[in-house]
Amino acid sequence: MDKDLRILAIESSCDETSAAVVVNGRIVLSNIISSQIDIHKKFGGVVPEVASRKHIEVISVVVEQALEEAQITFKDIDAIGVTYGPGLVGALLVGLQYAKALSYALNKPLIGVNHIEGHISANFIQYKDLKPPFVCLVVSGGHTYLVYMKDYGKFEVLGQTRDDAAGEAYDKIARAIGLGYPGGPKVDKIAREGNPDAIKFPRANFHDNKTLDFSFSGLKSSVLNYLNQKSMKKEDINKADVAASFQKAVVSFLVDNSLRACKLKNVNKIAVAGGVASNTCLRETFKSQGSKNKVDVLFPEPILCTDNAAMIGSAAYFEYMRGNTSSLNLNAIPNLKLGER
């Protein structure tokens, strides 16, 4: 297409309120994120009702800041992209209703975006020349997916968690060893001081050894049992060793399955996405194992790994180019699956 397509994107699926202006799916003019971490920290996790109320408070300001930083006005926008699932229903509704109101008032197309597709699309921002096909590992607090991206907007789910998401397991273990919220970065930090081989925590074993699914509930239970036994015996607990050993089990599972997926699909490229993609151990292990297996491993910069609207703007662009827009009847779908519309 001759004309640049400017998309105003909005993300409010959990506890970040974000707005961004993205051009042609890959160029970010602005990406404003208002985080609620400090608010939810005292509760030990995200409180949905509190998150929704905070989204309502800040969304107008966040959108205005995104336009100001991009040095454009509403009349320069060509379309509105917005997350409509998966996520917390109350949080999703705030961003969705705001986007629908803008779409109606400005008479601009509305493009509903799957949050998981947004995470995958963060790699198109980071790597301007990236094109399908490739394998993508989406790993965050609420989701763990192993996906084969055949073409823009076309996904085949190769594996997913059967219980806890990887990031959810991190949060629970962080809480158990007294590190607080958010758990992922804190476990990652303290793990650097520990011995990853100190404790042998088991990985899930499936009867079907061909599956690329994940399971972290057994690992989580094993860590909790270890901590309980130590506590009952009144023995000292080396938090760094626990964190490092737990992290090694999680990371090796994620990396091994991802490399197996590449062999299955005969591709040599893995894109990693989602909040856990910022994890230093995951990045280092992928870099090492990718090199050994002659597989290119791509990571977005950390700001694009967290929930943000720039990734939603990128995904919205590729949906729009495939002829997909949404009506003003679009509703929030908290349990939206990858590939569903």
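If you go along the chain as it appears here, the first residue is 1 and each next one adds 1.
Cβ atoms here come from the backbone N, Cα and C positions, even for glycine.
Marked as Fe cation binding site by Swiss-Prot on the basis of sequence analysis: His115, His119, Asp307. According to its DSSP assignment, His115 (Fe cation binding site) is helical. When Cβ atoms from all protein chains are considered, those within 10 Å of His115 (Fe cation binding site) total 26, not counting its own.
Taken from Swiss-Prot, the feature substrate binding site covers Val138, Val139, Ser140, Gly141, Gly142, Asp171, Gly184, Asp188, Asn279. In the structure as shown, the Cβ atom of Gly142 (substrate binding site) sits within 10 Å of 21 other Cβ atoms. In the three-state DSSP scheme, Gly142 (substrate binding site) is classed as coil.
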Spatial neighbours of Ser140 (substrate binding site) that are distant in sequence (at least 6 apart) but have CB under 8 A: His119, Ala165, Ala166, Gly167, Gly274, Gly275, Val276
Asp307 (Fe cation binding site): tally of other CB atoms within 10 A of its CB: 26
Shell of the Fe cation site beyond His115, His119, Asp307, same chain only (C-beta within 8 angstroms of their C-beta centre): Glu11, Ser13, Thr83, Ile116, Gly118, Ser140, His143, Gly274, Asn308, Met311, Ile312
